[in-house]
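K.L.:
Before anything else, here's the structure in question.
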Amino acid sequence: MYASREDIGYDSGENSEVRSKPIKTNTNVDGGWAWIIVLSSFLVHILIMGSQMALGILNMEWLEEFNQSRGLTAWVSSLSIGITLIVGPFIGLFISMCGCRTTAIIGGLLNALGWILSAYASNVHYLFLTFGVTAGVGSGMVYLPAVVMVGQYFQKRRALAQGLSTTGTGFGAFLMTALLKYLCIEFGWRNAMFIQGAISLNLCVCGTLMRPLSPKDAVSEKHVLRSNSEDHQAKAPSHSAETIKSNGVLSEEVEKKEAAKNEEVLDSVQPTEIGGKTRSKRNMYGLSILKTARQLAVTVRKGFAIWYSSYFGAASLFTNRVFVAFIIWALFAYSSFVIPFIHLPEIVKQYNLSSQNNVFPLTSIIAIVHIFGKVILGIISDLPCISTWNVFLMGNFTLVTCILILPLMQAYISLAVVCALIGFSSGYFSLMPVVTEDLVGTKHLANAYGIIICANGISALFGPPFAGWMYDITHKYDFSFYISGLLYMVGIIFLLLQPCIQKKQPREKSAEGAQV
């Protein structure tokens, strides 16, 4: 039976010396500026994930404007949502080379540019490039640093900090739905997207707040982690480059040797090049360019080595049969959560419930209850007598049941009840990092969770277009919910066919990978 922590090769850590060693290096770790980082991440979740959950409003406007099929139009929203998650591993390369702050600022500019350019769209295919790809990549470049920075600034309160920051998704979905609806009514969808693009420039402000830890703090933290690694041969994952180096990806000693070698080469070139006084300035200028180019090459190679080892050096994960089943589950699960956000506004319109939905949109009900679902399910799974695995499965069963019965509801009250259940049960997303840790262990958690996020992105990419394509064929959304629900059930069955956690194991709960 797989799932005990002893079976995957690391202890529970209750009496571990790791916890007795102080990781906190100054007031900015677990306090001080760390809470500004949480605020920044919270705003990022509002502006990115919240806006994506409100795209159903714009989807209706695009259908009326361009008069294209629902399947084709839905690709705009699904590209934006899917690419945000899929590019996560590749954005890690930019973080390794440029840092979180620079990556987030560039991403904020790119996201705003995607929104603004989309205001001038002449067809749906134009939106594929401007909104789906440009805004989607920009969102990914801000979203990942927002999660990573919280992990770097917090040690003791990491779960609390990540939990607070990710609640921005629910608040954002509620606020952005109301905002986009108001802007579309008052100014039209084109001006609404232009205004939203201007609002998205605040992502650059959020990125500016992502102040990196000082080198002194980083060195102190790295020293503590290395000491713990030597004593216990395992440690909690961190997205920072210092933690990756301490795992042996690229040792500091090797970097120093390479830097010394580069300096020797450049110093040997200098007296040869600067032979005459008349050519001194020109040669010094050329030498500085050469030195900068070599340093840039070292930085790129270093960043690529860290990135490659972090995301593609985990081939052994795929030998874990249960983890492979978890990936299959992820490929089907997230689309069932995204489809209602994209297509519910049009479903309500077909049922002639627009007047009631305008008072309190169904997507806002999902978003608000989703916040409470994350908190309550997290508290329940923290109870010593409750298995996180069982809570995770119960959340899945409830969500898939709601997806299957949603087409049967045609009154606003019944739809509101089902949407509330969808929002609450989908709170199990906050348990995904804990379940992933049980499957692969702490050592591979970061890599494994990155793969799961990618699978969720693929699911979000194809889910809404599939639902729109089914409507084009059957003139109903019913079959899209039935088929996506059945596929979701297949993913759950894959999980049930594997050995599962039978006994509660002592561990620290973590909400730090909460996605939505």
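A Cβ is built for glycine as well, from the same backbone N, Cα and C atoms used for every other residue.
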K.L.:
Out of 102-120, 197-215, let me know the one TrEMBL marks transmembrane segment.
P.N.:
102-120
K.L.:
Average the pLDDT scores across the domain 'Major facilitator superfamily (MFS) profile' (37-503) and report the rounded value.
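P.N.:
Averaged over the domain 'Major facilitator superfamily (MFS) profile' (37-503), the predicted model reaches a pLDDT of 77.
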K.L.:
Please indicate, using numbers and ranges, the residues of the same chain that are 6 or more beyond the transmembrane segment (75-95) and have a C-beta under 8 Å from a C-beta there.
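P.N.:
Apart from its flanks, the transmembrane segment (75-95) reaches 48, 52, 55-56, 58-59, 62, 102-103, 106-107, 124, 127-128, 131-133, 135-137, 139-141, 143-145, 148, 239, 303-304, 307, 310-311, 338, 342, 450, 453-454, 456-465, 515.
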K.L.:
Among 126-148, 362-380, 387-406, 412-435, which stretch has the most Cβ pairs under 8 Å to the transmembrane segment (479-497)?
P.N.:
387-406
K.L.:
Looking at the transmembrane segment (362-380) and the transmembrane segment (412-435), are there 3+ C-beta pairs under 8 A, with each pair at least 6 apart in sequence?
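P.N.:
Answer yes, regions in contact.
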K.L.:
Between the transmembrane segment (126-148) and the transmembrane segment (447-467), do 3 or more CB pairs sit under 8 angstroms, pairs being 6 or more residues apart?
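P.N.:
By the criterion, they do not touch.
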